[in-house]
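K.L.:
Quick one: structure below, then a few questions.
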Amino acid sequence: MSRTTIRVITKVRTKEASASSSGSFPGSMMFRVHQCPICVLYARLPWASPGRPAVTRRPSGGRSVGGDRYSAPVSTPPPNPSPGPPPERPETPTTPVTPAASWSDGLRFAFGTLTVFPVTVRRWDRGAARTGMTLASVAGLAVGVPAAATGLLLLVLGAGPLLAAVASAAVPAVLTRGLHLDGLADTADGLGSGKPAEDALRIMKRSDIGPFGVVTLLFVLLAQVAALAQAYGDSWGRGVLAAVVSATVGRLALTLAARAGVPGARPEGLGAVVAGVVPVRAGLLAAAVVTAVAAAAGALLGAYGVLGAVLAVLLACAAAESLLRHCTRRFGGVTGDVFGALEETAVTVALVAFCLFA
């Protein structure tokens with residue numbers, strides 16, 4: 001090593017010592033000076049810096065000059081975790097699954113919801129609603145048979161077709177507490193208001209009936225009575241069949257409206273309980289069964305009876321589906337009032353179609 005180099009290094013170390021004592025020398029610069037190869041080599045010489053410790057190498061691989069003050073940061077690996085059982089993972093919350101309801105619970109739900117028959121509803125949940133709405137046509141059959149029997153009884157007693165038709169239209173209203181007719185009127189008021197969905201739903205929830213509801217009720221009941229009167233006038237059997245088939249198809253429309261994919265417009269109420277509970281396959285199976293039974297009953301009237309019964313089922317379901325789509329777009333989903341409107345619409349269309357084609 002030349003004398004010039006030793007002189008420069010000595011001068012640097014002298015400045016370092018003075019700066020270190022005054023605290024104005026940056027630590028990073030000091031680190032870079034001592035990491036210089038020439039400085040390191042010079043510092044290792046025993047005569048280079050009397051009274052100053054030489055550079056030593058730490059076991060971890062880092063270098064230190066004169067203690068920890070000039071030490072380079074050394075990253076040490078984290079200690080190995082102590083052996084033991086792995087920590088328990090928190091349980092993932094799962095959505096409770098509603099158990100499927102039995103046929104008995106489903107029938108109780110259907111009759112307790114859609115009729116006034118004295119039944120005890122044991123379960124009021126979506127599991128019971130799934131089975132109950134799938135079997136809604138059974139409740140419709142239980143309503144249609146007394147309606148047809150009342151009309152037939154009046155005919156036997158000597159009443160005319162018009163009076164028998166009025167009785168056959170009134171019995172379903174009595175056996176359902178008029179809830180379906182009330183839903184029809186409320187839905188008509190909501191659709192006729194022309195207001196946004198929230199305001200329309202608020203109007204539908206009111207207890208009074210507006211002009212749209214009154215007019216809709218008037219024409220629907222007139223159409224039902226007129227169709228039944230014509231059916232009874234043609235033959236007693238035709239009138240009886242029309243009353244039974246129309247009541248059954250009206251509840252079939254509820255089954256199809258409660259299929260999966262149809263949302264509820266409100267978070268509470270009957271619509272929220274039954275909306276989307278019926279699997280699509282179950283709804284189609286119920287429709288096929290009702291159509292087959294109606295066709296078999298229509299066969300008692302001949303070929304035209306079969307045609308009229310099948311067309312009555314198909315046209316009624318098509319009309320109810322059209323109204324369902326419109327209400328879903330208009331209100332954002334279905335409510336109990338919408339279900340009532342669908343039922344009355346399907347009944348009316350089925351009666352008219354049966355009179356025209358049977």
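From the backbone N, Cα and C atoms, a Cβ is placed for every residue, glycine too.
No curator has checked TrEMBL annotations; they are predicted automatically.
Source: prediction; values computed, not measured.
Relevant sequence annotations retrieved from TrEMBL are reproduced here:
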type	residues	note
COMPBIAS	75-87	compositional bias 'Pro residues'
REGION	51-99	region 'Disordered'
TRANSMEM	132-149	transmembrane segment
TRANSMEM	155-175	transmembrane segment
TRANSMEM	212-233	transmembrane segment
TRANSMEM	239-258	transmembrane segment
TRANSMEM	270-295	transmembrane segment
TRANSMEM	301-320	transmembrane segment
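Any idea what these are sitting next to in the structure?
P.N.:
Through the fold, the transmembrane segment (132-149) approaches residues 101, 103, 105-111, 113-115, 117, 167-169, 171-172, 175-176, 239-241, 243-252, 254-255, 258, 274, 277-278, 282-283, 286, 289-290 of its own chain, all at least 6 residues removed from its boundaries and within a Cβ separation under 8 Å.
Cβ atoms under 8 Å from those of the transmembrane segment (212-233) belong to residues 151, 155, 161-162, 164-166, 168-169, 181, 184-186, 188-189, 191-193, 239, 241-243, 344-345, 347-348, 351-352, 354-355, 358 of the same chain, restricted to positions at least 6 beyond its ends.
Residues 113, 124-126, 129-130, 132-137, 245, 248-249, 252, 255-256, 258-264, 306, 309-310, 312-314, 317, 333-339 of the same chain lie 6 or more positions beyond the ends of the transmembrane segment (270-295) yet place their CB under 8 Å from a CB of it.
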K.L.:
List, by number or range, the same-chain residues at least 6 past the transmembrane segment (155-175) whose CB is under 8 A from its CB atoms?
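P.N.:
Apart from its flanks, the transmembrane segment (155-175) reaches 115-117, 143-144, 146-148, 181, 221, 224-233, 236, 239, 243, 247, 347.
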